[in-house]
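J.: If you scroll down you'll find the structure; I have some questions about it.
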Protein chains: 2
Amino acid sequence: MKAPKIQRDQVIRAALDLLDQEGLDGLTLRKLALVLDIQAPSLYWHFSGKQALIDAMADALVMNVVLPQGPDQAWDSRLRQIAAALRQALLKHRDGARVFAGTYVVSDNVLRINESMLEAFALAGVDLSRASTYSFSVLYYILGFVMEEQALGPHGEFDVASRKSAFEELAKRSYPRNFAAREAIFSTDFDARFSTGLELIIAGVKQQASETESKAAPSLTTAEGGASSAKRRSARRG
Amino acid sequence: MKAPKIQRDQVIRAALDLLDQEGLDGLTLRKLALVLDIQAPSLYWHFSGKQALIDAMADALVMNVVLPQGPDQAWDSRLRQIAAALRQALLKHRDGARVFAGTYVVSDNVLRINESMLEAFALAGVDLSRASTYSFSVLYYILGFVMEEQALGPHGEFDVASRKSAFEELAKRSYPRNFAAREAIFSTDFDARFSTGLELIIAGVKQQASETESKAAPSLTTAEGGASSAKRRSARRG
DNA sequence: ACCTGAACACCGTTCAAGT
DNA sequence: ACCTGAACACCGTTCAAGT
């Protein structure tokens, strides 16, 4: 909390560089020490162990995630912005999603992002308890999605072509819907897929909000009504 | 594919037993060999490597997941059944979700489960391409949820109490919504939380289905209309 | 405050060889 | 077809000691 964080940050930066070169499985304290021109045990002065290092890397990954600021942005566009920014941050480093998923860090940056999601849900008219489980759902979605995106990517840990042919052989035999969906399942248009899944969640929030609302004011019937009235009351509350 | 799978299955069973005792991080080929009364290198006759073993374990985990069968069950209740069965299967063994998440297995059982989800979405009136990304979303949700559930559980890898107090200290200072939501965030009523998140997804499907439908038949306006009309055409299609 | 040297107790995997 | 013995090339971590 004091001043001399300069050394510690150097270690984290070097670790993220090494991560890009070697991947998470190749990230080793000995290799990291080599890069830093020190001996491996020296790292234990900076971090209590490898997991603490990885926790710090996870926090650094999401450090620069830009969150919505203005009070006049609708809740759904806020959510889209947060999700996109988080995904991009995870994509920025090889195995980023795996690094982040392995560690349930309670860090400044994690809470900062979560706060912004809770705000968005509040604007949508979702109560706080629901909002907190919703934000977990969004997080799970993003992590799961990007983990798979990175596993299939250029540095991915497995061979897409052989995987696809194994899938097709199995699906063709016994699982007609899987077979029919094979192109969609192996689509590499990740932007489109990410958006489709995110919109599913957003649609769910709208639907839930409209249900809650119609109990309070039963005259509003459509989901559209619920969503736009939530937007209407979006003034401020911080 | 022939007959002598008896030995291979013994290895997998022993591995799952060992997993329960040692956790995924403690699961070692040497320990497994000891339990089986053989030497570690012998395992390489049965599996090409540790990852192949874990893939087989992941498949075994979901082997007995019971899927909806009757033609007269509504799509949403199907989805709830699949999700609950999958969660229970992952919970059955220590670190089950981590085992499953680490491996993007293309196995019989995975496709079987996915086929059932695709069926459910088809009954909801979702086209196949969307359905395939929706089923991934559901999978990500379940995996993320259970991973956290198990990380916080009795064998969990970290201390909940110290985590909570770290959270509270940070949240109290700068993140009012996180602080206000602290009880919900650290709630251990996992059944309720799981259901809340799943219902969010189900609500999203309803909303999306009603939107798609209102393009085709603009007279139906409410989300309820979309959902129930989807149920109406739920005859059969296999 | 920061780092080293040496060691401990492990890993997954390979491979020639046994039966 | 199934297993062993011996070895290789690593790991994370501890700890007394140095500066």
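Including glycine, each Cβ sits where the backbone N, Cα and C put it.
A TrEMBL annotation is a machine prediction, not a hand-curated record.
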J.: Which residue range, A:28-47, A:88-107, A:108-127, is the one TrEMBL calls DNA-binding region?
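T.: In TrEMBL, residues A:28-47 carry the label DNA-binding region.
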J.: Which sequence-distant residues neighbour the DNA-binding region (A:28-47)? Criterion: at least 6 residues beyond either end, Cβ under 8 Å.
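T.: Sequence-distant neighbours of the DNA-binding region (A:28-47): 7-8, 10-11, 14-15, 17-18, 22, 53, 56.
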J.: Can you give the mean pLDDT for the DNA-binding region (A:28-47), rounded to a whole number?
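T.: 97, rounded to a whole number.
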